[in-house]
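Feature annotation from TrEMBL assigns active site, proton donor to HIS708. The 5-methyltetrahydropteroyltri-L-glutamate binding site feature in TrEMBL is assigned to ARG15, GLU16, LEU17, LYS18, LYS118, ASN123, ARG529, CYS530, TRP575, GLU619. Sequence annotations record features per position, and here TrEMBL assigns L-homocysteine binding site to ILE445, GLY446, SER447, GLU498, ASP613. TrEMBL lists HIS655, CYS657, ASP670, GLU679, CYS740 with the feature Zn(2+) 1 binding site. Taken from TrEMBL, the feature domain 'Cobalamin-independent methionine synthase MetE N-terminal' applies to 3-318. What TrEMBL records for 440-762 is domain 'Cobalamin-independent methionine synthase MetE C-terminal/archaeal'.
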Amino acid sequence: MQTHLLGCPRIGSNRELKKACELYWAGKASLQQLLETGEAISQNNWKIQQEAGIDLIPCNDFSYYDQVLDMTLSVGAIPERYKGIASEESYSELDLYFAMARGYQNNGLDITAMEMTKWFDTNYHYIVPEFRKNQQFTLFSDKIIREFIRARQSGINAKPVIIGLITYLLLGKEKEEGFDKLDLAQNLLPVYIEILKELERHGAEYIQFDEPFLALDLNEKAKETYKYIYGEIRKHFPDFKLIITTYFEGLKDNLSLASSLPADILHIDLVRCPEQLDNVLQAIPSTLSLSLGVVDGRNIWKNNFEKSLQWIKKASEELGPERVFIAPSCSLLHVPFDLDSETHEEVLSPEIKQWMAFAKQKIGEIAVLKKLASGNQDYHTLQLLAENRKALENRKISTLIHHQKVKDRASVTTEADAQRNNPFSIRKEIQQKALQLPLFPTTTIGSFPQTKEVRNWRAKFKKGELTAGHYDELLKKETEKTIRWQEKTGIDVLVHGEFERNDMVEYFGEQLSGFAFTQNGWVQSYGSRCVKPPVIYGDVHRPHPMTVYWSAYAQSLTSKWVKGMLTGPVTILQWSFVRDDQPRSLTCKQIALAIRDEVTDLEKAGIRIIQIDEPAIREGLPLRKSDWQIYLKWAVEAFRISASGVEDATQIHTHMCYSEFNDIIQNIADMDADVITIECSRSQMELLNAFADFKYPNEIGPGVYDIHSPRVPSKEEMVELLNKAQAVIPAQQLWVNPDCGLKTRHWDETEKALIAMVEAAREASREYVKREKLKNHRL
Ligand code: GLN
Ligand code: ZN
């Protein structure tokens, strides 16, 4: 029996990589310094694994920005627009690499970055390869080989980790018409072979090919390409021990394909899909070993040793222990580095901490599992097993986690709780009477600029350098200023600005029961950006109102409507580490009920328009299409539970960004929000087509300008976009708003943009009235 890892976190124990990269980008650190930081991080990862006794240790799992971009550079898939940089003497390979990741504005050049998108269903973002018809590839960067040599020199039994050829192609995007990216497999294969030859020459024995697409829906062509490519690789390298890894889903209908590939070891994710074990054990040929992903690489909970041991035992009995590998379910990139750096008991209580394991602890778990499974049970190991049992037992019965009232409430919610009193057609009229909004009402998405001062106040307040009273006063002034400015500018539906919030999930998590936070639980989101997701460990409820104070205060300042602002249950769930001892759908329902209480309290406090943001609803979609409807059913229901406690006259908004809506438009309509605001400006209203084709019944605010850019849009271009929108959506259904919250923008650009936006709405309205008159006249 052997142990291995698919990959390690690479930001360093203290986010060293983030700091080093940012200093380097700012010109404040040398290339040498950056490289030293990077090398120290992988050295440290190797050392931890070596000391834990892991048998096969990954190399090339480290990356300065993104492992897909690394591969793009390795195979020379460098888009044309960077060729100028590539040929410049003074630029290192890493400079070219960062230019591709982040764009390049220098020396009169202005080159856009490559696109970035989510890595499967994680919150990690990769850089999307760009492909052209007949694209040629060449071995451009020898990073993979360098990393292997470095690991070997450090005395590591290193296993190079490479993104499998098919997965690499499937992750990319065709940048011109008339070809299929899989057609490029032929051209790409020789470069893979070249890399493998170099690795062989330097003494590599094992190669790990990550092929997560093998666990997803595949068409015939992809399946054929899999067979062909791995057949070719095997022909060239009869002696390599090839590991093919799959994760985030089960092999399911691809099982016979996966087990027939000429590999030596197949890795499966038993955390996501435990039920596949039996089928896999039956299907794999005697030439294939099995790597069992038993330790959760996507979550922060301690492994259940007994459960894992059952799986390991079953596999050993069927295959013989020599054909069994023990591993985390996927790369540990998606969990924080080290639980031992959580030292403040006021932040993370010891009781909750004892249920958790970060990357370093998970490495330890893998090593212990091997000892336990191979009967090598010294006193210390047995003690660890007993401790593991005890922690799990304690979690099962902890009063921190379990609240009978919350469970009972969730278990008796019915269809009726997820229904407004009347359908939208009736609500619309009642709301129109109550709210008296003009045609093309203007609003914003919630946050206003979080200036340095605002951030400073919060930091000082948290450190105890500012009293609660003083902090409150400062935020009130900022809120009032924002309300006055919106009034003066003529915006129809105001917001309070969200100055009291740091992060849209953290803010609610901190006030809800059942959530814990960490000091150092950072996970890479993209490049140097890291996030620190809250941990949902127990039954969720709302001990007290969360936003009523700020919304009511803002509403008291003005006779215009102020929109209440909440984060929706699905987004809170999606952006947290979620408890694994009950279905996600149930946790989501508990959050929904807590938000529902907040919504009704806002209504009681006189707030007549309430927005429940759900930017993450689409990214929660399961990886297999056949599972979509089950997810969408409970996700949409959770939203509706949160939104349906109010009177017909109260208007519910929702907001979503970065979404392809086409394939889930029916479900978005099923959410039954009175108004939805969406991101649209970057696609020039193209996204709106989905709503138009579908005849979306409720009101829509397609974003008329891109808040991700400091650029101030002109009134004319926004009028133009509103005209485009009216071509497909009736004017009576349209709202006018930016495409997301404004918190990352500066005040001066925000002011200019919103003034222009209000003018654009007025002009669109005048033009509309004129057109209607003309029409009536003709009639
Ligand atoms: N109300 C939030 C804001 O304006 C919405 C943020 C989001 O969509 N991600 O900041
Ligand atoms: Zn948004």
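Placed from the backbone N, Cα and C atoms, the Cβ positions cover glycine too.
Just so you know, TrEMBL annotations never went through curation; they're auto-generated.
A simple way to gauge crowding: the CB of GLU498 (L-homocysteine binding site) has 23 other CB atoms within 10 angstroms, across all the protein chains here. Model confidence over the domain 'Cobalamin-independent methionine synthase MetE C-terminal/archaeal' (440-762) stands at 95, taken as the mean pLDDT rounded to a whole number. With respect to their backbone Cα atoms, GLY446 (L-homocysteine binding site) and ASP670 (Zn(2+) 1 binding site) stand 23 Å from each other.
Secondary structure at LEU17 (5-methyltetrahydropteroyltri-L-glutamate binding site), as computed by DSSP, is helix. Within the same chain, residues at least 6 positions away in sequence whose Cβ sits under 8 Å from that of ASP613 (L-homocysteine binding site) are ILE445, GLY446, MET504, MET565, LEU566, THR567, GLY568, THR571, THR654, HIS655, MET656.
The 6 Å Cβ screen around ligand 1 retains ILE445, ASP613, CYS657 from the binding-site residues ARG15, LEU17, LYS118, ILE445, ASP613, CYS657, ordered by sequence position. Proximity of the binding-site residues (LEU17, ARG529, TRP575, CYS657, ASP670, CYS740) to ligand 2: a Cβ under 6 Å from the molecule is found for CYS657, CYS740.
The full span of the recorded L-homocysteine binding residues, ILE445, GLY446, SER447, GLU498, ASP613, taken as their largest Cα to Cα distance, is 13 Å.
Within the same chain, the residues at least 6 positions away from GLU679 (Zn(2+) 1 binding site) whose Cβ sits under 8 Å from its Cβ are MET656, CYS657, TYR658, SER659, LEU687, GLY703, ASP739, CYS740, listed in sequence order. Nearest in space to ARG529 (5-methyltetrahydropteroyltri-L-glutamate binding site), taking C-alpha to C-alpha distance over the recorded positions SER447, GLU498, ASP670, HIS708, is HIS708. For LYS118 (5-methyltetrahydropteroyltri-L-glutamate binding site), the same-chain residues 6+ apart in sequence whose C-beta sits under 8 angstroms from its C-beta are TYR124, HIS125, TYR126, GLU619. Between the alpha carbons (Cα) of SER447 (L-homocysteine binding site) and HIS708 (active site, proton donor) lies a span of roughly 13 Å.
Of the listed recorded positions, namely ARG15, ARG529, HIS708, the sparsest Cβ surroundings within 10 Å are found at ARG529. Annotation for ASP670 (Zn(2+) 1 binding site): spatial neighbours VAL636, ARG640, criterion Cβ-Cβ under 8 Å with sequence separation of six or more. Taking the Cβ of LEU17 (5-methyltetrahydropteroyltri-L-glutamate binding site) as reference, residues of its chain lying under 8 Å away and at least six apart in sequence are, in sequence order, ARG10, ILE11, THR37, GLY38, ILE41, TYR64, SER528. Apart from the site residues ILE445, GLY446, SER447, GLU498, ASP613, the chain places the Cβ of THR444, VAL495, MET504, MET565, GLN611, HIS655, CYS740, GLY741, LEU742, LYS743 no farther than 8 Å from the centroid of the site's Cβ atoms, the recorded L-homocysteine location.
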